[in-house]
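First up is the structure itself, then whatever we jot down about it.
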Amino acid sequence: MEDEQEPQPRMQGRVLLLTICAAGIGGTFQFGYNLSIINAPTLHIQEFINETWRVRTGQPLPRHLVLLVWSLIVSLYPLGGLFGALLAGPLAVMLGRKKSLLVNNIFVVAAATLFGFSRRAGSFEMVILGRLLIGVSAGVSMSVQPMYLGESAPKELRGAVAMTPAIFTALGIVMGQVVGLREVLGDPWAWPLLLASCLVPGVLQLASLPLLPESPRYLLIDCGDTEACLAALQRLRGTADVAQELSELDEERAACRGQRARRPWELLQDRGLRRQVTSLAVLGGALELCGNDSVYAVASSVFRGAGVPDAEVQYAVVGTGSCELLAACVSCVLIERVGRRVLLIAGYSLMTCWGSIFTVALCLQSSVPWMPYLAMSCIFAFILSFGIGPAGVTGILATELFDQKSRPAAYMVCGVLMWILLFLVGLGFPFIMEGLSHFFYVPFLGVCVCGAIYTAFFLPETKGKSFLEISEELDRLKEADFLKQNQGPDWSGPEVILSTEL
């Protein structure tokens, strides 16, 4: 009997693992990959812009205009992500989670084609349009992939499975850094191939994801297809005995019966969802404003200050991405043991600690010989702390805090907020650096402190709970908040006289 049951966990692990990999390789992996590969060919693309203009007009393009075009290429990525986030909700509702990820690869193929032929066509405009399209793809996948995986995982593994988008993001960052090395595709002639290499993950997803099941919750609650839901559950769990989970899904469907998919503005108007929307906005905003991108931005200069030769800095930068990947893997193991709140509080608290030390080290690096080494150590420690807590856990919130009919809209709200803040941070960080110098990280410290405090006092723990149990707990918290707001303070002063005598 034991021998018959032994293959079932392996089957569950195999199908679930394949689903995670197929969704991730063309999902958040693409986000991290395309975020990092643009750094290596910076000078080569700027030279291409200048040379293209010289061929067209006979005169070189002024330096400030070259930088303007380059800034446009970089900033169109988050702008495309914003469009993609707005597109993700309707796609997930109309096509389903799996088909949305597959259709999303249209943008990847188009962008890779533009990148690959841009140099031969002598058109930097093709690079600009390609970055916009690959940004749209990233915006869709960043919202749909965690939704798909969170709805497909069993509740005892949901946290670990929902952490995998962060792992694939970090893996994409590392792979982008490695592929961009001079020894691989970092040569001046190879930058079109480097940018077009985003086609490889897209093709892998198109080849593998159609063979895997759709989200069981989408099939039952949104489509009303019980047979397809049962088949998907049996494949994902590796057993025919899914009666208990199917019963829980039926209860969830009953709770959503008669409702339609919510729109983003309806979430903002619903007083009953105020706690969930606030948590999503505060912690989603803290994720982008905690300063992790800023630490990556100054890493190279800090490494040079610590004595790392210019030729070796690129390898040290790969180490920063590897730290985030390692931390995300550790968090994936810990999340179902210690819970979401503990990881978030610990992550933001450690980031506050390392950010403070980093600021002191920057201020004293010219007077104390070993301070540059301390600053370099703080960069790695900070990235590890970010990867253990906020990097992955924040992405679970929209999956766990909202029901099936509100979840796509919640991911739209979260995605729009994330991409707007990513754009603003990229736009404003050079001015922060210029204005605050060594104290540039102080504003981000305040965000880390607020993230830890909000998590400690307002975010409920969702570890090991079904979506229905989470919804019931949020309803209880909502009722408690309502009673607090409507209960007047007890009067402890003198007795109120209701009538007076003349």
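All positions are counted from 1 along the displayed chain.
Here the Cβ of each residue, glycine as well, is placed from N, Cα and C on the backbone.
Note that TrEMBL annotation is computational and uncurated.
Computed from a predicted structure; not experimentally measured.
As written in TrEMBL, here are the features:
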- 20-463: domain 'Major facilitator superfamily (MFS) profile' (DOMAIN)
- 15-33: transmembrane segment (TRANSMEM)
- 65-89: transmembrane segment (TRANSMEM)
- 101-122: transmembrane segment (TRANSMEM)
- 128-148: transmembrane segment (TRANSMEM)
- 160-179: transmembrane segment (TRANSMEM)
- 191-212: transmembrane segment (TRANSMEM)
- 342-367: transmembrane segment (TRANSMEM)
- 373-397: transmembrane segment (TRANSMEM)
- 409-433: transmembrane segment (TRANSMEM)
- 439-459: transmembrane segment (TRANSMEM)
Report, as numbers and ranges, every residue of the chain located at least six residues beyond the transmembrane segment (191-212) whose Cβ falls under 8 Å of a Cβ in that stretch; write 'none' if there are none. 15, 18-19, 21-23, 25-27, 29-30, 33-34, 37-38, 40-41, 44-45, 48, 98, 101-102, 105, 108-109, 111-113, 115-120, 127, 130, 134, 179-180, 185, 235
Contact between the transmembrane segment (342-367) and the transmembrane segment (409-433) is defined here as three or more C-beta pairs under 8 Å separated by at least 6 residues; is that satisfied? no
Could you pull out which residues elsewhere in the chain have a CB under 8 Å from any CB of the transmembrane segment (160-179), counting only those six or more residues past its ends? 16, 20, 24-25, 27-37, 39-40, 142, 145-146, 149-150, 152-153, 185, 194, 197, 314, 317-318, 321-322, 324-325, 327-329, 331-333, 335-336, 387, 391-393, 395-396, 399-400
Among the ranges 15-33, 128-148, 373-397, the one whose Cβ pairs under 8 Å to the transmembrane segment (65-89) are most numerous: 128-148
Most Cβ pairs under 8 Å with the transmembrane segment (342-367), selected from 15-33, 101-122, 128-148, 373-397, 439-459: 373-397
Considering only Cβ pairs under 8 Å, which range in 101-122, 128-148, 373-397, 439-459 makes the most contacts with the transmembrane segment (15-33)? 128-148
Residues sitting near the transmembrane segment (439-459): Cβ under 8 Å, six or more positions beyond its termini, same chain? 275, 278-279, 282-283, 285-286, 289-291, 294-295, 298, 340-341, 344-345, 348-349, 351-352, 355-356, 358-359, 363, 390, 429, 432-433
Positions on the same chain near the transmembrane segment (128-148), where near means CB under 8 A and six or more residues out: 23-24, 26-28, 30-31, 34-35, 38, 69, 72-74, 76-89, 91-92, 97-98, 100-101, 104-105, 107-108, 110-112, 114-115, 118, 162, 165, 195, 198, 215, 395-396, 398-399, 407-408, 411-412, 414-415, 418-419
